[in-house]
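Below is one structure; the comments refer to it alone.
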Ligand SMILES: C=CC1=C(C)c2cc3[nH]c(cc4nc(cc5[nH]c(cc1n2)c(C)c5CCC(=O)O)C(CCC(=O)O)=C4C)c(C)c3C=C
Ligand SMILES: [Fe+2]
Ligand SMILES: [Fe+2]
């Protein structure tokens, strides 16, 4: 009898197919028309995205993507392929690993078709977001279900919806951080996460309503889907792994879009006050991302650095993301084997 094969679907957010303005516009349209990302009624979202955001933002964003683009393309995508291949290698032929992107290519549908062609009897879906947010993990799960529900044979599906406290996820980031901390003296460590609108936090409050304040300093059963609480929890675990002390670090949120309030404190505002407090040498982590992308390399690594230097800072370095770290691949292997 032939062996049963388990399918593993890795899904990241997605990136434009090229840094050209039309491709960036196409990417922004698909991304921002997702009702889990801009959660307003369809008609208003359509007008906002197609009439304002995509046309005005695309040329500006395309310039940023040109700076990010490498020989192999967008790092978010090529590290996705590298990690897929490394994971396939370590899992062996009882598993079939595929990579999909929530927006643009390779699509989730193409990746699922690869798994279907391998006749997998079960699928483990791993959205590549350590913290659960409706806009990312939730959207991936919804899309996978929408596609698979149309199949004649629906395999059993396990969704991994967060891995903030997986010891190997923490160790992989801590390892990258230690390599920097051993080389240079820093007087502050900033953990900057991608933000979400405050409204998203309230909508995801299941057992207890988040007050968007110190309640997020605790992570427990009732607030386990609070994105803000998960970010603070990730910081605490990294602080422990790195042996940092109170006063030597902070958690902040970046990349806000639009006028609505997003989760705070905002990184761009927070960093400007640091030099005045004697914190002039900063090491920044971006632990909401598992691969370097526009939001890490350019926003944290370049834009924030410029703002920090203008405010009187002296050193601003970014810890590289997990990218193709072997410990990160071990984390994924463990998530698969224990799913
Ligand atoms: C880490 C998880 C992410 C969450 C949560 C998230 C929420 C979110 N994002 C936007 C708007 C934009 N995000 C953009 C880029 C981008 N976002 C993430 C991840 C999360 N987003 C990644 C990995 C990337 C980078 C992709 C890459 O190609 O490198 C962008 C596009 C970039 C730009 O034009 O500046 C936008 C826009 C919203 C509204 C949102 C809400 C919940
Ligand atoms: Fe984003
Ligand atoms: Fe909270």
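Count begins at 1; order follows the chain as displayed.
Glycine residues also receive a Cβ, built from the backbone N, Cα and C atoms like all the rest.
For the recorded site, residue 295 (Fe(2+) binding site), the DSSP three-state label reads helix. Residue 295 (Fe(2+) binding site) counts 20 other C-beta atoms within 10 Å of its own C-beta, drawing on all protein chains shown. TrEMBL lists 194, 295 with the feature Fe(2+) binding site.
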- Taking all protein chains shown into account, the Cβ-based neighbour count within 10 Å for residue 194 (Fe(2+) binding site) is 27
